[in-house]
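Reading through the structure tokens given below for one structure.
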Amino acid sequence: MTTRVYNFNPGPAALPLPVLERVRDELLDYKGTGMSVMEMSHRSQEFSRILEEAIARIKRLLKLDDRFQVLFLQGGASLQFCMVPMNLALTGKPIDYIDTGTWSSKAIQEAKILGKDVRVIASSEDKEYSYIPGNFSVDEDASYLHITSNNTIRGTQWKSFPNTGGIPLVADMSSDIFSRVFDPSPFGLIYAGAQKNAGPAGVTIVIIRKDMLERVPPELPTMLKYTTYAEKNSLYNTPPCFAIYVVGLVMEWLEEEIGGLEKMEAINRSKAEMLYSCIDEIEMYRGTAHPDSRSMMNVTFRLPTPELEKKFVEEAAQRGLVGLKGHRSVGGCRASLYNAVPVEAVEKLVEFMREFARNN
Ligand code: PMP
């Protein structure tokens, strides 16, 4: 018997159990090929089907029409911090950013390293990134506006996306893609490392509106140009085949077992509400994000002292509730409630939190 824990890791994170079971069952002999997906040619018919199906499912789930193309890259979301400005910045037009924490700041930093004209039009740094800024205006001369849709470390999330009046929106959706429904039409590009809501580490999903490809400067190195991936359907070189296969299975689980993103969002909302009400109700816990900006994916909270936080994380782990330590840069506690974290895990966590508060 294998023992599975209640996994609240921030990423890499929990994967749906039925997906892991499929991977196990298909590991030695994928659909009668006599080999694993790890062992087959990326140019084989089988892999081509895996790739096409993963793309089709992503497009259906996110309701992407033919204006958009789905690409699979490597280098993590972090490579996108520089690839996006390299490819999409327009000469003489600054790039607007909204700084909502570590990952936005890193994206800004990379654009600056490239010598791009960067404008930070809003930031929540003044209050330790505990909220999503509301008062800002996007200039008509911007190349695009970059935001981080969910701030994995600070536990904040955009509830609705800013109105950019036609300026393309670019979003790092690494920690909340596929967790909720949204309208893709204002987006010029969306990127996400797969390792939270979409699959294993090693593949980055990039969704690009095709007209943005016209911006790609021809002099960029081949592997750093979106056009390379777009023209060759992510098969210019060997893609991360196995990771793409697992992403496809996660998408299948979302479509066929969960029933789409409306349903997934409702489940995610109820998980987050359960945990936030426990935090609000019990004196010992204090949520760190402003209530209007609270993330459904990463719930960040503090206990009265770092010693108690350490004890909390340790005792939780003894009960099979793992991954509750806050990011090393901010301390505290964090429960990541990605799609694959079942309602039952949150129920067990809340039960433990009540008990811990009574006993300490
Ligand atoms: N953006 C966000 C919002 C993240 O949460 C992370 C990883 N935690 C990253 C970017 C960096 O991703 P990667 O490790 O894939 O480069």
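A Cβ is built for glycine as well, from the same backbone N, Cα and C atoms used for every other residue.
On a predicted model such as this, the values are computed, not experimentally measured, just so you know.
Listed in sequence order, Leu235 are the same-chain residues six or more apart from Arg43 (L-glutamate binding site) with CB atoms under 8 A from its CB. The feature L-glutamate binding site is assigned by TrEMBL to Arg43.
Counted within 10 Å of its Cβ, the other Cβ atoms near Gln195 (pyridoxal 5'-phosphate binding site) come to 24, all protein chains included. Look at TrEMBL and you will find Ala77, Ser78, Trp103, Thr152, Asp172, Gln195, Asn237, Thr238 tagged as pyridoxal 5'-phosphate binding site.
The domain 'Aminotransferase class V' annotation in TrEMBL covers 5-349.
Here TrEMBL flags Lys196 as N6-(pyridoxal phosphate)lysine. Its Cβ taken as reference, Lys196 (N6-(pyridoxal phosphate)lysine) is surrounded by 30 other Cβ atoms within 10 Å in the chains shown.
Counted over every protein chain shown, other Cβ atoms within 10 Å are most numerous around Ser78 among the binding-site residues Ser78, Thr238.
In this view, Asp172 (pyridoxal 5'-phosphate binding site) is surrounded by 29 other Cβ atoms within 10 Å of its Cβ, with every protein chain counted. Counting only same-chain residues six or more apart in sequence, the Cβ atoms lying under 8 angstroms from the Cβ of Trp103 (pyridoxal 5'-phosphate binding site) belong to Ala77, Thr148, Asn151, Thr152, Ile153, Asp172, Ser174. Taken residue by residue with DSSP, Ala77 (pyridoxal 5'-phosphate binding site) is part of a helix.
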